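Take a look at the structure below.
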């Protein structure tokens, strides 16, 4: 019974060794390891001279020897052919429980603060940490106070918002409300908003008035343009020059009429006398 148990254990050992050697095969993240051939032992017949005592003539003890032969072993000058051996490539190791699967990356130094090794020498850091081994804290408060409404307090790997004295943080963390109730809008004692609105309305009224005046100014020009075409003039400017000339003639005629009226008046006075 004991002999059969020993044979069974021997077979299990052979299977385990063979399974380990055959667990790896060339492939992804599995590399061939350079193996040296093992020395070969060979057997040979060794001649040995064995001394012994015997009885010679005259009943004397004599020493002589005899030749015997036995099997001996010696190392052969050659080497046995090396079998290919495989192992995980540098930077990778076996995944626990999966023989032959080299899926676990190795990071040296190891990743810190909850970081995971995703590739040899490369760590993936959780939120709040950075660096080659996730050793440095990220200062969330350096950019826009971390989104806090009033104060931002940076901690190792995280941050939190803090309100001024007399205020408390809202449930969603976006507002700091006065303790005892929601914030109320304080009246504006300076009346800046009202004055600004009045100024905007006043400027808008001026713009409307200027637009009306512009239309009044442009109306004669449109009329002049049509009249210039009627008089055969090339442009409204020529019509203006022509109109000014006519006005000059009218003024001259008015002066002459006034002079004639004065003369007529003086003549009537002399006739009456």
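Backbone N, Cα and C define each Cβ position, glycine as well.
What Swiss-Prot records for 1-23 is signal peptide, and it gives sequence analysis as the kind of evidence.
If you look up Swiss-Prot, you'll see 31-89 (among others) marked as disulfide bond. Long-range neighbours of residue 31 (disulfide bond) (same chain, six or more residues apart, CB within less than 8 Å of its CB): 86, 87, 88, 89, 90.
Taken from Swiss-Prot, the feature disulfide bond covers 56-62 (among others), and the record attributes it to similarity to another entry. Residue 62 (disulfide bond) carries a strand DSSP state (E or B).
Classification of residue 88 (disulfide bond) by DSSP places it within a strand. Feature annotation from Swiss-Prot assigns disulfide bond to 88-102 (among others); the stated evidence is similarity to another entry.
Feature annotation from Swiss-Prot assigns domain 'EGF-like 1' to 103-135. Mapped onto DSSP helix, strand and coil, the domain 'EGF-like 1' (103-135) counts 0 helix, 11 strand, 22 coil.
Residues annotated as disulfide bond in Swiss-Prot: 107-117 (among others).
Sequence annotations record features per position, and here Swiss-Prot assigns disulfide bond to 111-123 (among others) based on similarity to another entry. Residue density at residue 111 (disulfide bond): 22 other Cβ atoms are found within 10 A of its Cβ, drawing on all protein chains shown.
Counting every protein chain shown, 22 other Cβ atoms lie within 10 Å of the Cβ of residue 134 (disulfide bond). The feature disulfide bond is assigned by Swiss-Prot to 125-134 (among others), with similarity to another entry given as support.
Broken down by DSSP into helix, strand and coil, the domain 'EGF-like 2' (137-177) contains 7 helix, 16 strand, 18 coil. Per Swiss-Prot, domain 'EGF-like 2' is recorded for 137-177, and the stated evidence type is sequence analysis.
The disulfide bond annotation in Swiss-Prot covers 141-152 (among others) and is backed by similarity to another entry. All protein chains included, residue 152 (disulfide bond) registers 19 other Cβ atoms within 10 Å of its own Cβ.
Cβ neighbours of residue 148 (disulfide bond) (same chain, under 8 Å, six or more residues apart in sequence): 141, 161, 162, 173. Residues annotated as disulfide bond in Swiss-Prot: 148-161 (among others).
Sequence-distant neighbours of residue 176 (disulfide bond) (same chain, 6+ residues apart, CB-CB distance under 8 A): 149, 150, 163, 164, 167, 168, 169, 170. Per Swiss-Prot, the feature disulfide bond maps to 163-176 (among others).
Annotation source Swiss-Prot lists coiled coil at 192-219.
Cβ atoms under 8 Å from those of the domain 'EGF-like 2' (137-177) belong to residues 113, 126-130, 183 of the same chain, restricted to positions at least 6 beyond its ends. Taken residue by residue with DSSP, residue 56 (disulfide bond) is part of a strand. Within 10 Å of its Cβ, the residue among the disulfide-bonded residues 62, 107, 117, 125, 161 with the fewest other Cβ atoms is 62. Remark: residue 102 (disulfide bond) has 28, 29, 30, 88, 89, 92, 93, 94, 95 as non-local neighbours, by Cβ distance under 8 Å and separation of at least 6 in sequence.
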